[in-house]
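*Asks:* Here it is: the structure, laid out below.
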């Protein structure tokens, strides 16, 4: 709960658990209003919802890092830094391994969210030369991994965009460690990104030889896509394929040090065992292309694994140190398209498992908190999607098991036989339907084609087209191709295919794509169950990536896919709101006269007294050891409404008291001033009379002295001596003035018009004449030193000035 805003305002509901009424429309409206106010983060309990603004916001500054560092999760506005800080402190202080799950569609901001989590943890953890070095290597791993990830695609696919998991391991001094799993095709767009990736590799510790080897293997992946095959027929009449452009194959072999004949044979033929003999069979063009593509995928996948392991080696903590783990899972979200295939099927299977773990771990966390607080736990009703997970992953009769069975079964195998088997097995399953099962139940549905089946997922119904299921699940690498890669002289490429060693040949079939994916999901679930989970749900507000544009229809679809409504229902099952006693009492203590303005007892006692005075229904409240629990959001909103009314009353009371104090203070000041003025006026009147009499006497004395002086002056001038004295004084003063002027002449610059003033008034006319003479002399001197060209230029300017004067 944001303490600085009212919960009654839709845009201020920072936690959707408090949303009332809880509907898809109210949830969508709240997200839209908060987005309109640039509040892109919203909570569902400790789950963070992030709506991508597609523009920079000033909320990731160092000051923001300090604001959320060691903060109370619900005491500040929702932010991704809050969940990162909460996870980091649980890792550091409680010695609990953490996992942050980031889900959403392509373009929703998952990668940016993982970067923000990493940058916050890097900024918040301890300092030191070695620690700073590891943190810098950790942050620089992003451009390296992104540089080898696929370019943005309109529809992310499981084979090119699987989940990315990042582990930040810390020892007792909090050193960092990284492990990230992903795949795709290289996507270095331009020279700037390429240089940034090279710089990052240098920081991490890649040698120039390793960088060169990495780029060479990447080039092999790209060049394999340019290899074209052509069809020919042998004397036996059987079709065979061959390399159409040997030059492309030659370039690849030059990079990896391999005989072109060896690679051509591996691409165009296959060695099989028949009656204890190895027989070389030719491949058709489609089979050849299949092998070429499988080789490219395997090279890239194994190269990326090598890259991740190499980064881990650079920033791995010292042996023997105790490690703490923070995992960041950046994974695609639930997908529903017009045409959904094998990729969407396994993506949505993974999301079903993540939804399952979210529900179970949220309920587990709720139950643990109830036990800690001494509150009785009551079972919570919720939709258990285990039935859907079992439908897909059951090892004996699940959809994935049936798909593997069809892929390995001898004889004619195609999607029709696979779909027919599913229809027989799940004819009565309430979460499965197809055209055949609908016909059996006499259901008419034109939206379900004959080559499709439909699963009722937690996020909605999804129709899958089985076309391509068999081929994509049988994504196998021929043994001949592995042996060809082992035969190359390129050290890195050779190390990626250890099974190509002739001494380690295995006759077992490699696992199918669905088997590998199911095993990866099982490992991931086991890993997540061992850690404390934190969740970030990313939402894409529009399809065009326009800044601050919110498309309600698109967002509503993602609300359903991400299961946000189910998240809220699970979170608010039981008690929707809980808060520490001291924070609760601080916010609502003004509602009771016994707790306002101050309470001297314990915080719990004060909360009990406060709620007793408010007469709330007992079934709405529960008192834990450190927290107060409130069952319904309506009860909390009622408290918030009363608080608003009481705050308005207190504000009015404070204003009234302040105005009274201000008026009394002003009156007392005016009264004191009146007394001082009256006393001063009376004393001033007495002094004025005395001063007036004294001034009159002085005036009379001055008038008498002046009369005597004037009379003596008239007598002196009548005698004629005064004229000679006056001339003498005038000459002496003029001489003194001229001597001083000669010593202190102004500067000779014609732009300087300064001139010393006359010391006596009777010399003013002479002083003005001297000033004029001196200035004309300065100007004459200036003109005499001018060159002819300069003189002509100034005359032209003077003439132009006279022409355009006043115009």
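Residue numbering: from 1, along the chain as shown.
Heads up, the Cβ atoms here are built off N, Cα and C, so glycines get one too.
Because TrEMBL annotations are produced automatically, they should be read as predictions rather than curated entries.
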*Asks:* Looking at 452-474, 475-497, 498-520, 521-543, I want to know which stretch TrEMBL calls region 'Actin-binding'.
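*Replies:* Based on what TrEMBL states, region 'Actin-binding' spans 521-543.
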*Asks:* Name the residues of the same chain, 6+ apart in sequence, whose Cβ is under 8 Å from the Cβ of residue 110 (ATP binding site)?
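*Replies:* Those within reach of residue 110 (ATP binding site), by Cβ under 8 Å and sequence separation of 6 or more, are 102, 103, 104, 330, 331, 538.
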*Asks:* Given the recorded ATP site (104, 105, 106, 107, 108, 109, 110, 111), which additional residues of the same chain have their Cβ within 8 Å of the Cβ centre, ordered by sequence?
*Replies:* 52, 333, 538, 540
*Asks:* What number of additional C-beta atoms lies within 10 angstroms of the C-beta atom of residue 108 (ATP binding site)?
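*Replies:* Other Cβ atoms within 10 Å of residue 108 (ATP binding site): 23.
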*Asks:* Enter the number of other CB atoms within 10 angstroms of the CB of residue 104 (ATP binding site).
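*Replies:* Result for residue 104 (ATP binding site): 26 other Cβ atoms within 10 Å.
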